[in-house]
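The structure under discussion appears below in the form of structure tokens.
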Amino acid sequence: MAAKLLFFLLFLVSALSVALAGFEEDNPIRSVTQRPDSIEPAILGVLGSCRHAFHFARFARRYGKSYGSEEEIKKRFGIFVENLAFIRSTNRKDLSYTLGINQFADLTWEEFRTNRLGAAQNCSATAHGNHRFVDGVLPVTRDWREQGIVSPVKDQGSCGSCWTFSTTGALEAAYTQLTGKSTSLSEQQLVDCASAFNNFGCNGGLPSQAFEYVKYNGGIDTEQTYPYLGVNGICNFKQENVGVKVIDSINITLGAEDELKHAVGLVRPVSVAFEVVKGFNLYKKGVYSSDTCGRDPMDVNHAVLAVGYGVEDGIPYWLIKNSWGTNWGDNGYFKMELGKNMCGVATCASYPIVAV
């Protein structure tokens, strides 16, 4: 029996080596892992030893996937193969960005949209913004991470709470810029407590409305005292745990990228929202653009934080912090084409003025 088991393990290692030998340098799977001991025997026992099965087993190991049945393994494998084909076909188009395998590669677009994106929000309240141009020379490029005021990338999990992470990201940056100290603020408080300001917890909301909530609430608690759970809950705000207060919130005029660039360039990071469409969930690097996403106030379905801008290969871009963890995109960040209000990135932009 032991001899048969040893033979089987040697066969798996040999087969994996053959599969790896055929990889192209730009294969989207290469970034997962190439160690033979990363193979999940349960997955290979169901799927066999074909090349895609090895790819899928390594993917599952890399991202800590757990499937409850053979049927689930087969289902997720089928989706994974479809996404892999989509990635390869997209990357062959020689676009300004590339896609790659990440933690969402075993989800259909519908599953991803349901679990990670909030409902579309109406941003028409920003039709006339209150951002004021201040004196100063606009930098050619900007990356607020270099100033040390951008907090670490977080992960919203399977909750459409992106708006809370965009909100706390802007507040954390403003706090650090003001005090020179870092902090982490409570997304869960916003999920649980901000519904009176037209926000809907895991079903979506807007940073501009969250800033107003924090202003009238008298502050937002720290992450340590009100930790993130990723589900709708009962409000448990405590005034003694407040980390930051909001004096006012500033809205960028709807669609005005010149205003947005001025704010990001000379003020600080700005909360923005845009429409995520199929393919963006598998973004890896480069300057993202799309001819299928919308730009209208009712199109936006995901809130993020613009932390800078620049030019890559002749294409101007926004540098944006996401809330899908550091395994996604470029260590949790992405670049979005600048100058076309791409996917509505300047449709729903705002930033807070804070106090301690």
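Heads up, residue numbers simply count up from 1 along the chain you see.
Using N, Cα and C of the backbone, Cβ positions are placed for all residues, glycine too.
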In Swiss-Prot, Cys202 sits in a disulfide bond; tell me which of Cys123, Cys159, Cys293 is on the other end. Cys159
Please name the cysteine among Cys162, Cys235 that Swiss-Prot pairs with Cys193 through a disulfide bond. Cys235
Cys293, Cys348 - which one Swiss-Prot pairs with Cys343 by disulfide: Cys293
Closest to Asn122 (N-linked glycosylation site): which of the active-site residues Cys162, His302, Asn322, going by Cα position? His302
Cα-Cα distance linking Asn251 (N-linked glycosylation site) and His302 (active site), given in Å to the nearest integer: 17
Neighbour tally for Cys193 (disulfide bond), based on other Cβ positions within 10 Å of its Cβ: 24
Fewest other Cβ atoms within 10 Å: which of the recorded positions Cys162, Cys293, Cys343 wins that one? Let me know. Cys293
Cα within 10 Å of Cys202 (disulfide bond) is the criterion; apply it to the recorded positions Cys162, Cys193, Cys235, Cys293, Asn322, Cys343 and give the hits in sequence order. Cys162
The disulfide-bonded residues listed are Cys159, Cys293, Cys343; by CA-CA distance, the one closest to Cys235 (disulfide bond) is Cys159
Name the residues of the same chain, 6+ apart in sequence, whose Cβ is under 8 Å from the Cβ of Asn322 (active site)? Val153, Val304, Trp328, Gly329, Gly332, Tyr333, Phe334
